[in-house]
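Lifted from TrEMBL, the feature list:
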DOMAIN    C:8-184  domain 'Cytochrome c assembly protein'
TRANSMEM  C:21-41  transmembrane segment
TRANSMEM  C:61-84  transmembrane segment
TRANSMEM  C:91-113  transmembrane segment
TRANSMEM  C:133-149  transmembrane segment
TRANSMEM  C:161-181  transmembrane segment
TRANSMEM  C:201-222  transmembrane segment
Amino acid sequence: MNIAQPTFAVTAPILLDAANLSCVKQDRVLFEQLSLHLKPGELLQIKGKNGAGKSSLLRILSGLAQPDEGQLQYLAQPLPAALSDYAANLCFIGHQSGIHEQLTAIENLQFWQAASDLHIQDEFTLLAELGLAGLEDIPCRMLSAGQQRRVSLARLWATSAQIWILDEPFTALDQSAIVSLQQHFIAHLQRGGAIILTTHQPLSIEYHALRALEIHYRW
Amino acid sequence: MNIAQPTFAVTAPILLDAANLSCVKQDRVLFEQLSLHLKPGELLQIKGKNGAGKSSLLRILSGLAQPDEGQLQYLAQPLPAALSDYAANLCFIGHQSGIHEQLTAIENLQFWQAASDLHIQDEFTLLAELGLAGLEDIPCRMLSAGQQRRVSLARLWATSAQIWILDEPFTALDQSAIVSLQQHFIAHLQRGGAIILTTHQPLSIEYHALRALEIHYRW
Amino acid sequence: MFKWLDPLAKPETLYHFCGKLTPWLMSSALFTLLLGNIWGLGFTPTDYQQGDSYRIIHIHVPSAIMSMGAYMAMAIAAFTALVWQIKTAQWAVLAIAPIGAVYTAIALLTGMAWGKPMWGAWWVWDARLTSELILLFLYFGVMALHGAFSERQTGAKVASLLAVVGVINLPIIHFSVEWWNTLHQGASITKFAKPSIDPSMLWPLLISLLAFSLLLAALTCVRLRTAILENEQHRPWVKQLVSKA
Amino acid sequence: MVKFSIFLQRELRLLARQKADWLNPVLFFIIVLTLFPLGVGPEPNMLRIMAPGIVWIAALLSVLLAAERLFKDDYRNGVIEQLVAAQQALMPFVLAKITANWLSTGLPLLLLSPLVALLLNMQGASLEAMALTLLLGTPVLSLLSVLGAGITVSADKGGILLALVILPLYIPLLIFASAAIEAASIGLGFTGQIAILLAMFLFSLALVPMAVCSALKINVS
Amino acid sequence: MVKFSIFLQRELRLLARQKADWLNPVLFFIIVLTLFPLGVGPEPNMLRIMAPGIVWIAALLSVLLAAERLFKDDYRNGVIEQLVAAQQALMPFVLAKITANWLSTGLPLLLLSPLVALLLNMQGASLEAMALTLLLGTPVLSLLSVLGAGITVSADKGGILLALVILPLYIPLLIFASAAIEAASIGLGFTGQIAILLAMFLFSLALVPMAVCSALKINVS
Ligand code: HEM
Ligand SMILES: Nc1ncnc2c1ncn2[C@@H]1O[C@H](COP(=O)(O)OP(=O)(O)OP(=O)(O)O)[C@@H](O)[C@H]1O
Ligand SMILES: Nc1ncnc2c1ncn2[C@@H]1O[C@H](COP(=O)(O)OP(=O)(O)OP(=O)(O)O)[C@@H](O)[C@H]1O
Ligand SMILES: [Mg+2]
Ligand SMILES: [Mg+2]
């Protein structure tokens with residue numbers, strides 16, 4: 001594991017550095033000259049109205065889409081080249097949940113364990129922690145919207161990736177689940193992790209390295 | 001139009017009356033002996049943790065699914081018989097948005113106008129009101145998550161149905177959209193409408209006839 | 001070599017480069033086309049076996065060969081686009097595809113017209129004819145894929161992928177006459193050994209072949225320029241260009 | 001009626017937007033037709049005998065492939081769920097789907113029949129018979145495949161299940177249609193077969209739309 | 001390797017859960033085979049001549065239909081998007097998909113070949129040739145259809161586009177396979193065709209998985 005110890009002074013390396021990004025969708029410029037950087041221990045919330053371009057930005061930051069202009073650097077290396085290192089240290093969960101509806105929660109976890117090197121001691125305790133006790137053996141399509149989201153987020157409890165990129169993780173979750181997810185965020189940050197996320201619900205986290213970046217809706 | 005004037009005294013007719021509903025999913029009893037009724041001018045929020053059975057209840061209340069036990073009455077008539085009257089006076093918007101991704105916002109509205117007798121004076125002003133100005137002619141799949149939700153909710157601005165049943169209407173909406181949707185709810189209630197909804201986000205409505213019904217998560 | 005090619009990856013340079021090339025290509029294409037056809041149709045001796053119907057060879061053979069040539073060019077552009085992520089190469093793929101499809105259609109139609117007197121049927125299911133028909137479908141496939149995605153980029157890349165994979169079909173077309181015994185003519189000019197065709201027929205044929213390849217290049221340049229403008233319409237240099245015009 | 005025409009307009013607009021929807025079945029039809037002689041051998045005589053069967057099997061397969069996604073999008077988006085909740089508009093919706101399906105797959109096949117005849121060496125009367133059977137048969141095909149699509153819309157596995165449901169219903173159609181073409185090709189009359197096809201058309205027109213509506217209702221509840 | 005086997009296990013589990021996935025292609029194959037004699041006429045001689053082509057066309061169509069949804073679920077759920085973002089597991093995932101596809105469609109067809117021979121009046125050598133071509137050809141078919149599915153996964157219209165992309169690539173296979181069966185049926189040797197089929201198999205095995213990976217990457221970006 002590659003997680004820096006909580007010594008993130010000014011000297012902490014810049015994990016992700018984006019310079020002068022721009023994104024154009026069909027003649028419409030969503031954002032231009034957007035720069036940001038992320039250090040260990042930081043949480044960056046991307047804000048903006050519906051349609052401002054938050055999801056588009058996250059897809060660029062996670063290496064899925066190419067920016068129309070600008071560069072990304074992971075640990076000072078330019079991205080298309082360093083993509084595989086970056087991907088190995090990244091956990092991206094988008095609007096879609098990434099779980100197969102026909103498989104049970106356990107089976108979905110096993111799949112992701114193989115696909116992205118998760119470290120799960122015991123799936124049952126993990127799922128129980130997420131409030132899914134007794135539902136481990138039901139195909140996910142029979143779970144409620146919020147329960148499906150919980151299965152999808154379970155990965156965050158088992159990943160060793162340092163950078164998390166999450167698109168509206170709180171969707172469909174009830175209040176208690178939101179609170180425990182936020183606590184988990186803080187634990188991750190304190191271990192030297194870094195998080196970029198979007199959400200329309202206010203964060204209720206008490207933490208010193210919260211930053212926000214607002215994308216203004218342009219037409 | 002069949003909307004009662006704001007004279008909802010004790011004598012107001014009971015629009016929807018559910019008695020002793022129960023719902024069983026795979027040996028699991030989600031709820032039993034659940035009774036509720038809805039009068040003009042009332043907003044009923046169904047609360048409960050993820051997986052408590054809120055969506056299942058809403059599908060029963062809207063006539064899509066049958067309860068395992070119990071009856072529904074619409075204006076004192078039992079439901080399977082009065083279903084077509086009831087359906088004509090109902091606007092149900094579920095977890096799925098009900099908009100076709102290949103069609104533009106305008107075309108989706110025209111479809112729903114024909115399908116459920118909406119009264120839209122001018123699609124363009126309606127969409128502009130919802131913050132979609134300039135996006136009327138783009139296929140909906142190119143809209144962001146929140147923008148798609150807005151198109152789907154546009155129906156609420158044009159329907160003459162008295163009873164609205166909404167499953168997590170605030171999902172993916174930004175704060176300003178949530179506020180204006182809630183204002184629209186109040187206007188509807190004051191005109192004698194009635195609303196049943198679920199949401200995990202706290203309502204910020206000031207209104208005298210708010211009621212809540214909690215379904216406890218059982219295992 | 002790459003030093004010379006590299007600037008052409010830039011849309012603006014390529015646009016002007018194609019602009020300069022087009023008139024030359026176009027005029028030489030028209031010249032050779034006329035020359036080849038007048039010579040071939042008017043001044044070559046009548047074949048003692050086939051009568052005058054063989055004269056369609058001057059359209060059939062060049063268009064058939066160039067239908068494959070166009071595919072090869074398209075596949076090379078596609079490969080470049082995929083490996084080096086060059087957008088202009090991607091646009092070139094779509095610029096070539098319809099031209100290649102038209103060549104293929106011409107080869108098919110002239111072949112059918114020739115087949116009726118020669119073989120007694122418009123169409124027979126032999127390997128060369130069929131594989132040429134498949135070539136047409138491949139062109140269609142590339143064009144259809146291009147339009148089938150909501151993300152334009154995706155469509156362009158995926159179409160390139162199919163173009164590369166479809167190269168398999170080219171050797172099948174060419175060697176079909178050897179691998180299967182067919183009704184169709186064996187190789188007579190595209191052999192490595194000495195061509196087995198009378199020089200009085202060969203020359204006009206070669207000129208027509210040159211004409212078809214020049215025409216391909218010219219039309220590709222024209223279509224490529226439009227594609228560049230379309231894709232770059234919000235760039236400053238295009239806006240400048242438009243305001244100047 | 002107003003609803004029907006608005007819904008039909010919507011379907012046609014969707015078709016215009018996704019040209020692949022009606023172009024691809026046609027191309028598929030042509031491709032399958034070209035595969036047969038390849039696999040079976042190119043003797044013209046042979047081909048003429050097999051032609052009726054081939055045409056009709058190719059038609060079936062192309063309509064079938066097109067039908068698969070007919071309701072999928074609307075189901076996934078919740079359109080069908082909400083239509084069922086709103087009750088009255090379901091029937092015009094289904095009728096519009098059927099009409100659009102025929103316009104986009106049956107009609108092009110009909111228009112293609114001269115080309116097919118050319119490819120498969122068909123002559124005069126057979127060509128006429130083929131066009132007639134296609135005219136009467138493709139609407140039945142559309143009706144049946146919409147039925148299949150409706151029945152299987154919420155099934156975990158659409159495509160092939162659909163084929164299974166539809167193929168058996170489709171066999172009588174195949175038998176009579178190819179019998180008509182065969183009769184024509186050897187110079188016999190074929191009004192009998194055509195009359196049966198007509199009956200099948202009217203019969204399925206009367207029954208299928210209702211069946212589709214109830215299939216959709218069952219699928220969302 | 002460990003990843004591959006876990007992924008393969010997942011695919012097999014999905015197949016076990018949705019039995020229709022592998023039962024339906026098989027049934028489809030059988031139905032198409034029975035349609036032919038119906039549409040074309042039941043003369044045994046005729047049937048024997050057409051048999052190779054028919055078998056291979058039916059095999060193609062059934063594999064094609066099964067391929068359509070191969071990646072759809074995983075695409076819609078965001079599984080593929082997240083796999084691409086995580087990079088390293090994509091290749092084993094694709095290989096598992098290909099293997100599972102062959103196990104669920106190619107293998108049953110192979111096992112069915114004696115039955116087919118019975119239905120279509122095939123004898124000794126032809127049967128052997130058919131089994132051999134199916135053994136070598138169905139993996140190619142699986143590879144190609146997975147390629148088609150990967151290429152078209154985010155396309156607005158899957159099914160038929162897939163067919164359009166795959167059929168041209170598939171035609172050489174059809175030609176050699178049916179040539180082999182035909183040669184066998186008239187008593188000639190067919191090692192040449194079999195060798196070509198083997199070459200095609202190895203060739204596509206080497207190239208297709210990489211092509212599928214890049215197709216998936218393109219589709220999510
Ligand atoms: C629809 C029918 C036909 C098609 C699709 C077709 C296709 C082709 C193709 C693709 C080539 C280029 C082969 C290569 O360069 O490897 C070709 C060449 C040629 N074709 Fe055809 N052909 C057709 C009918 C005919 C007929 C009826 C004749 C005359 C009897 C004919 C005579 C030739 C000749 C002489 C060549 C030049 C061969 C060479 O030098 O390589 N073709 N044709
Ligand atoms: N494929 C596309 N083609 C054209 N425009 C697109 C495409 N995808 C997205 N857009 C546009 O880009 C804008 C930003 O979309 P994006 O999904 O990034 O918004 P968002 O900030 O995530 O919004 P939300 O809060 O609703 O999720 C939207 O206005 C949308 O119309
Ligand atoms: N088809 C089904 N088969 C078996 N169980 C099901 C089925 N559908 C739902 N359930 C179960 O019913 C319970 C209630 O689901 P429902 O969708 O009604 O929850 P909900 O209250 O809407 O939750 P959320 O807040 O997450 O949306 C869940 O625990 C789920 O596991
Ligand atoms: Mg978003
Ligand atoms: Mg719910």
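Including glycine, each Cβ sits where the backbone N, Cα and C put it.
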The transmembrane segment (C:201-222) touching the transmembrane segment (C:161-181) per 3+ Cβ pairs under 8 Å rule: no
Stretch-level contact, the transmembrane segment (C:21-41) and the transmembrane segment (C:133-149), CB cutoff 8 A, at least 3 pairs: no
Remote residues contacting the transmembrane segment (C:61-84) - C-beta distance under 8 A, at least 6 residues beyond either end: 9, 36, 90, 92-93, 96-97, 99-100, 103-104, 106-107, 110-111, 132, 135, 138-139, 142, 156-157, 159-161, 163-164, 166-167, 169-170, 173-174, 189-190, 205, 208-209, 211-213, 216, 220
Long-range environment of the transmembrane segment (C:133-149) - Cβ separation under 8 angstroms, sequence gap at least 6: 67-68, 71, 74, 93-94, 97-98, 100-101, 104-105, 108, 155-156, 158-159, 162-163, 166, 169-170, 173
Predicted model, mean pLDDT over the domain 'Cytochrome c assembly protein' (C:8-184): 85
